[in-house]
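Features as listed in Swiss-Prot:
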type	residues	note
BINDING	GLY120, SER121, ASN122, GLY123, LYS124, THR125, THR126	ATP binding site
Amino acid sequence: MKSVEDLEDKNVLVLGMAKSGISAALLLHRLRANVLVNDANANQPQELIEKLENKGIRMVLGEHPTNILSQNKIELIVKNPGIPYTNPVLVDAQARGIKIVSEPELAYWVMDSELIGVTGSNGKTTVTTLIQLMLDDNKKHAYVAGNIGVPATTVAQKATAEDKIVMELSSFMLAGIDRLHPHIAVLNNIFASHLDWHKTRENYVNDKMNITKNQTKDDFLVINWDNTEWQELAKRTQAKVVPFSRQGLTKSGAYEIEGKLYFKDELIMEADEIGIPGEQNVENALAAIAVAKIEKVSTAHIKQVLTTFGGVKHRIQYVENLNGRQFYNDSKATDIEATQVALRSFKKPVILIAGGLDRHDDLDRLIPDLEPNVKEVIVNGETAEKFKKIAQKAGISVIKDSSRVSESVEIAYQDSKEGDIILLSPAAASWDQYKTFEERGDEFIAAVQNLHKGE
């Protein structure tokens, strides 16, 4: 395990616990830093508290004290990606000139492996997973890490120089990088998202583009070519640009023409052989194909992965067929674009379960995708009233309220007919009612399973 920065005896604040905060704190302790963990939530699992206490790692829980930096002579902050830079502790740190980094940045400081970074507004987890499956073999290992739910600092310590790390990087994570340098960076797409955190679209785009800021001419940027703005963004990189296009706009990378997927002049497979539904997954497949071909993976193995891959949990995840009704869990659809993608994946009648945290998005953009197939909308959460209005505009006559996702499932099943799709795709974050989108999706799955038990 390398270390590009001497952290011995350095006073380091880990801001925010969660899985990544715990992992970062343990790594810093291993590097002989003086570690202090701070989280505004005092109700942390006892086993985590004991894990840190057993290492002699100090904790301040229940608040973010304004004097925590001066009182502890903090020299470096490793922050949870969800904590905004407007947090008073971070405002104070910036005024004092204290370096603030994200957990993936810390991981990069000790990483021996080649790094492949994946970002984008939608499809990151699917692309990350596909790349890992394509690169992993009996001789070398490929690990996933980052926003996919596996702390980067955990993986960085166990992966060897012969291995590869495929890291899903959110805009929140990329806002806090300094030296992080992927050999291959993937930009899947960029839509207006998380503007409550980034404040402006320009800030959001700039944070996304941090994925390529340290790349050189010896590296690669795999980028979606189906939008002129994204083509312009490619001009910012020093890396070799490898485009992918579902519209067949380029033949210099991965692309689709007439239902066939190619890399440069080589036919890879038929698009309808991909094991997961939806046009967005053709796009995700093309991004993964481009990376795999840069890494010299055989076409046979690429095809084997794409034909057998069953999808990622909470991302248009097929749950069950109950009396001819198909249930899909798309809890990860925390923005409008993701729900648009989900709705376009189905041609059968859809009962949509939607709603969540109100981030003041323009929900009217959903109307063209509601009109063709959505027969009923069941709403919950802060955006419930706004969803009712756009459903009415879309000409949907059946619009119902529910208190939680579990109740929505019961209503949807009662109202459904054989052949219907019952889809959870909230077009909103979960934080008004649930800690995470995973918790929301798990409630959906459990509710479907309860229906099955009652049959």
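A Cβ is built for glycine as well, from the same backbone N, Cα and C atoms used for every other residue.
Source: prediction; values computed, not measured.
Shown in sequence order, VAL118, VAL127, ASN188, ASN189, ASN284 are the same-chain residues outside GLY120, SER121, ASN122, GLY123, LYS124, THR125, THR126 whose Cβ sits within 8 Å of the Cβ centre of the ATP site. Within 10 Å of its Cβ, the residue among the binding-site residues SER121, THR126 with the fewest other Cβ atoms is SER121. The Cβ of GLY120 (ATP binding site) has 27 other Cβ atoms within 10 Å, all protein chains considered.
Counting only residues at least six positions away in the same chain, the Cβ atoms of ASN147, ILE148, GLU168, VAL312, ARG315, LYS332 sit under 8 Å from the Cβ of THR125 (ATP binding site).
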